[in-house]
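Encoded as structure tokens, the structure appears first; notes follow it.
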Amino acid sequence: MSRDSDPMKWYHGNLSREAADELLKQGYEDGTFLVRESSTAAGDFVLSLLCQGEVCHYQVRRHGGEDAFFSIDDKVQTKILHGLDTLVDYYQQAANGLPTKLTVPLIRDLPPHNTRSHGVTNLLHRATSKNESKVVFELLKCGYRNFDAKNQDGQTALHLAALHSDEDILKHLLNAKVQVNSSDSFGCQPLHYAARSKPASFIRTLISAQANVQGRNIDNGYVPLHEAAKHGNLEAVQELLLAEAPPLPRTSSGEFPFDLAKEAGQTAVEEFLLNYKLPPANTTRDQWYHGTLTREEAVAILKKHAKELLAKQPEVDTSGCFLVRYSESPAASGLVLTLLCDQVVKNFRISQADLYQNGNKVQSGGSKFLYIDDGPYWPSVEHLIAHFMRFSYGLPVSLKYPVPPQPKPEVPSFATIPRSNMKPKAASPATPPTPVSPHSHHQHPHVPALTITKKKQKENSSSMFNTLRLTSPKKALFDMNSLRKNKSKGKRSDSESSVSGSLAGTEQELQAAAPMLKSLSFSTEFSTFNADGVTGSGAAAAGEVYNVPRNNTPIEIDLPPIAQKTEAEVEYFTKSDVAIERERAGQWIGNGYQPTMDVLSLLDQQIKAPAVARLNSLGPNASTESEMASYLHRKCSGTPSTPSATEVEAAKLRFFIEPEKLVLDREIGHGEFGSVHSGWLLRKSGAGEESRLEVAIKMLSDEHSNKQEFLREASVMMRLEHKCIVRLIGIAKGEMLMMVQELAPLGSMLQYILDHGHEITANAELKVWASQIACGMHYLESQHFVHRDLAARNILLTARHQAKISDFGMSRSLRPGSTEYQFTQGGRWPIRWYAPESFNLGIFSHASDVWSFGVTIWEMFSLGAPPYGEISNVDAIKLVDSGERLPQPNLCPAYIYAVMQSCWKERPKDRPTFVYLTEFFARDPDYQNLPELVQTVHI
């Protein structure tokens, strides 16, 4: 293979996969590589790499359309890099998840200019920088083809024209069909630079050439409007808004254009933006809003519409079919955008937030602003949808085909209502009530109706902060700054929710409706109906009923015992908690919750040894394996009835691993149920080839009596599937009961921090891990599972930048030289991680897990220091009860410590949600690649 002085000559154009295999298998060393065009996806590339005599091919996916951002399209490889040259250099420094690092390129050509992040200054660059219009014109006229080449700062001639040239050079370059939306090394596109100082005509010319008015700087989140506002270019601001640029985009630090204008002293721009009147949206909710739908119903409606669309227009691409629905899912209560892309349905939560200017809340007609992820704020859902019909940023594809809802049944006329034969009492004339919408009789007391009248539109049209509003039916919109929805409210059936214009079916609803109906004549005399329930003290009492914290935590009000509640009302507990509560008898404490354990008696005392029981005595009349399969089938299916023999056999195939397929290696830990070994699971592929998967094997001690608890926890783990959760592979029954899980090669996060603290940085590993832990806990919350033992020792590292939550009431990692926090016989209860309601009352909830999360983050930034030092558990409880909290670690920034303190609020309902914590760490401005390292949570 020939050598070349230019290390970038590894590009082989449209070389086929077969030809790449043949080239690389000619005796080259491991790590030899080439890059070629993808034959399956236009604009993508393929990295072909030789390793141990085999050629591996990795799809290199392009991000951002024509811009040069790329990543290895693999579940493990999610790092997005600017330029193919940067990507190759990244994997030349280290393997970073590939089987080997890139070593020697197979020499051919340089990659295309528009795929690189850097280059060298050429004649066109110099002429453009000096505003030499004639030289630029002659270069382009004579067929100069390097017009998209980049200089050492990654800037094309168009970038330089936006900085230094007049409109003549701009038009020359645009006539040559240069790329208008490429980013330079500073993350800026040409329109970013033009927005700083260029006149309106220059901006207009760029926009007419398809420059992206919402192009986002990957380094700081700036869009052109931010640049124009910061530099006081009012002409550019006006031109961008005329081109439908969002007026309220956010930087990575959450700053709006008017914030930047104020900081820079650009008063005229600030006042213009604050008084800007947003035009009405060019779409209406009757085109795409479906009211309350489950995820499954939305998917079915969307796919049915796409099928009908294809039947009418066979050549159409159905990607972009969408609808908006109201979700009652515990994971995301509020409005959800459901979108079809490449035959896959994706869901995006529409969040809400207040808007502040100079520390004061900006009024928005009584409702909050809406947004998706880190996208711009909008005053109504109509404006948000209209925006995403124009721009796709943040979505896989722009919104194209709205799916209309089914026609609503007509509201019955008042003429059809039976009239009383009684002579009505004398009363002053009253205006007939407005017909009730299908959702209005179940409306949240603080949320206005979905329908917006023309009069309301006129009243709210003075500025962009007072325009069309849309709030959710029944409940407030979900927001990362809000707490969770109230789950103590009774839920109606789908059939009840769908009846249009029906009268209230309960006494409480009749009471609420009575004032409106008193002036009408019905067969029932409503005028004598007692409506006190919705006025005066009655209203206050109703308010108390709904004063349950929205993050599903018990508070100081009288509640019925858990056994009298429906399963939906206690769904924020684990299913195992529900089972425990049903099995227990005894007195209930004042707030309606029975402690899961008398923890006060166990503060610093040893746990009594359990009685010895045989492992194979789970059931009196069935084999151990059948009983286990029956138990796990019931738990995983949620069916209380005894499964059939066929179902038991199916459960065996699904859950059980033959013990002879497991090979034990060394012991790596010891836990509550027994020992933990590394080992291998022997498997056969479809072709009959045998392979070995490295796993962790947890074994239940033969003398351990808690087999039912062991299997119950196993059934919970089998239902969990998330990138940030340790995966349970199966169960084996040999001489003892064994659980097979994925192996975390780096072990416990706590031990890793203790061993490698000098290598760990707060802005990299610690924030990545914190975001992944929060993401995993949010997933557990969405599955109604309370961890109850979240701590650094129970977080495992499968890679340096991948943390996973483990130990769901089962084993604990062995920490050499210390057994202080082990759940073994003679161990201690982990009081130092518990919230006050947990160690005082034995109450566990998602909010108590948030407290434990705060302590876990404190451990991380303290590099493994024990919480509260060497004091006893009793003294630690006294400190917490007196209002004291853990001090700020040296490595911890003030804004992260503030979040820790919010996790340690006395009242559970005042603590943040895991949704918020995930967003907080993933959107941290100091570490831009965090979102790519965290698994997206499904709504």
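Note that Cβ sites are derived from N, Cα and C of the backbone, with glycine treated the same way.
The domain 'SH2 1' feature in Swiss-Prot is assigned to 10-106. Swiss-Prot lists 153-185 with the feature repeat 'ANK 1'. The repeat 'ANK 2' feature in Swiss-Prot is assigned to 186-218. What Swiss-Prot records for 220-252 is repeat 'ANK 3', and it gives a curator's inference as the kind of evidence. The domain 'SH2 2' feature in Swiss-Prot is assigned to 288-403; the stated evidence is sequence analysis. Annotated region 'Disordered' per Swiss-Prot: 410-446, 476-505, in sequence order. What Swiss-Prot records for 496-505 is compositional bias 'Polar residues'. What Swiss-Prot lists as domain 'Protein kinase' is 662-921. Sequence annotations record features per position, and here Swiss-Prot assigns active site, proton acceptor to ASP789 based on sequence analysis. For TYR927, the entry in Swiss-Prot reads phosphotyrosine, with the evidence type sequence analysis.
Panel annotation: around the repeat 'ANK 1' (153-185), residues 64-69, 82-83, 114, 116-119, 124-125, 128-131, 133, 136-137, 140, 147, 191-194, 198, 201-202, 205-206, 209-212, 215, 217-218 of the same chain, lying at least six beyond its termini, place a Cβ under 8 Å from a Cβ of the stretch. Sequence-distant contacts of the repeat 'ANK 2' (186-218) (same chain, six or more residues past either end, CB-CB distance under 8 Å): 67, 69, 82, 153-154, 156, 158-159, 161-163, 167, 170-171, 174, 180, 224-225, 227-228, 230-231, 233, 235-236, 238-240, 243-246, 249, 391, 393, 928. Other Cβ atoms within 10 Å of the Cβ of the residue listed as 'active site, proton acceptor', summed over all protein chains shown, number 22. Across the domain 'SH2 2' (288-403), DSSP classifies residues as 28 helix, 42 strand, 46 coil.
The helix, strand and coil residue counts that DSSP assigns across the repeat 'ANK 1' (153-185) are 17 helix, 0 strand, 16 coil.
On the 0 to 100 pLDDT scale, the domain 'Protein kinase' (662-921) averages 81 in the predicted structure.
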